[in-house]
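S.K.: Shown below is the structure under consideration.
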Amino acid sequence: MDEFSFIRSIRPKDYKQQSLIKGIDDDAAVFRPIGEDVVTAVDTMVEGVHFSRQTMTPSDVGYRALAANISDLAAMGSTPAFYLVSLVVSESWSEAELHQLYEGMSELADEHGMDLIGGDTVSGSELSVSITVFGYVDKDKARYRSDAEEGDVVFVTGTLGDSRAGLACMQKSMNRTNEIDYLIGRHQRPSPRVAFAQALKNCKRVALNDVSDGIANETNEIAESSQVDLVIQANFVPTSEAIQAVFPQVVQEWSLSGGEDFELLGTVSKAEWSLVEEAASATGVAVTVIGEVKKMNDETPRVYIETEEGRTILRKSGYTHLKKEGE
Ligand SMILES: Nc1ncnc2c1ncn2[C@@H]1O[C@H](COP(=O)(O)OP(=O)(O)OP(=O)(O)O)[C@@H](O)[C@H]1O
Ligand SMILES: Cc1ncc(C[n+]2csc(CCOP(=O)(O)O)c2C)c(N)n1
Ligand SMILES: [Mg+2]
Ligand SMILES: [Mg+2]
Ligand SMILES: [Mg+2]
């Protein structure tokens, strides 16, 4: 294998998106949006940080790296269209394993009608997969973190903490049961909530953020961005029967700060809440109210969490890169 034969081997034979003019073939790709806004994001997965050989097959690595990116497109309310893959390849990865990584990506890409239109391939000391995605959204219809307003309900899709629990099951080499298989599946192959976010199109205003680090982080991101306070009810936060059965002691902690669930956290006016419920049932996604948007008198936007013991501040507590001890 060399860089060039590898690129030839992963080059798509045909493309699905009509707006594509030039795919993999030249110095860069070209596409022509037709009257829509273009949404773009990039997220990276690094061996030893986001996955290890023990926790993910090569195909899972590809699947989840693309899922994390599609999740950001979903959080903007956009329709996925294109992706570019930048690979740093270490010596321990064979050509066959790299092909499996691309198969994992194209499995999910096909589900969403996305085309692979470029990338970059270099050698390095750890495998790193960085994916840039593009999506389309109707003009001025992107969903922003800054759109929460006082009086909104706060909601979340699916259940939280399962990805963290699945990771723990593998790290502890726990004997497989149906529950453990479920949790591991949620870690290895998360489901970005694209259809649900698109089904919210009838809502005039929704603030959305995807859950990559844990809602202790993402609720704070909405609060800061919208300059509001959020009050979350701890016992409303949805968790799966599987996590409750396997990890009863840590279910609350992991549902708040486990991260990598790639569910959607949102806020919407009470008047439009029924539209969110309709979107959820039309797309087969569970949606749960977990709190309310308030505006306290304090200048600093904050997130509060209410438990049986009372109300406390919910601080950012998920996984944070670049953080040094004591910071
Ligand atoms: N190194 C960087 N250079 C430029 N912009 C960045 C960089 N890192 C993040 N950003 C930008 O900061 C904003 C927030 O990015 P962040 O990665 O925190 O969001 P996210 O992708 O939703 O979260 P996560 O990475 O946990 O999935 C985005 O606009 C992103 O493009
Ligand atoms: C082997 C292994 N160890 C630890 C973790 C946990 N982990 C890594 S990054 C991250 C937050 C999201 O990252 P980002 O902010 O880059 O989206 C989390 C929860 C894992 N997935 N695999
Ligand atoms: Mg990011
Ligand atoms: Mg995000
Ligand atoms: Mg992200």
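These residue numbers are counts, starting from 1, taken along the chain as shown.
Yeah, the Cβs are placed from backbone N, Cα and C, and that goes for glycine too.
TrEMBL: automatically predicted annotations, no manual curation.
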S.K.: According to TrEMBL, His50, Tyr319 bind substrate; identify which of Glu107, Glu111, Glu260 is listed for that same site.
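M.R.: So the substrate site in TrEMBL includes His50, Tyr319 plus, from the candidates Glu107, Glu111, Glu260, Glu260.
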S.K.: If TrEMBL says Gly119, Asp120, Arg145, Ser212 bind ATP, which of Tyr102, Tyr182 does it name for the same site?
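M.R.: That ATP site, as TrEMBL gives it, pairs Gly119, Asp120, Arg145, Ser212 with Tyr102.
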S.K.: Are any of the binding-site residues Asp72, Asp210, Ser212, Glu260, Tyr319 near ligand 4, with a Cβ under 6 Å from it, and if so which?
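M.R.: The ones that qualify, in sequence order, are Asp72, Asp210, Ser212.
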S.K.: Measuring Cβ to any atom of ligand 5 with a strict under-6 Å cutoff, which of the binding-site residues Asp72, Gly119, Ser212, Tyr319 qualify?
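M.R.: Those binding-site residues that pass the cut-off, since their Cβ is under 6 Å from ligand 5, are Asp72, Ser212.
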S.K.: CA-CA, which of the binding-site residues Asp27, Asp43, His50, Asp213, Tyr319 lies nearest Gly119 (ATP binding site)?
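M.R.: Going through Asp27, Asp43, His50, Asp213, Tyr319 one by one, the Cα closest to that of Gly119 (ATP binding site) is Asp27.
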S.K.: Going by DSSP, give the three-state secondary structure for Asp120 (Mg(2+) 1 binding site).
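M.R.: In three-state terms, Asp120 (Mg(2+) 1 binding site) counts as strand.
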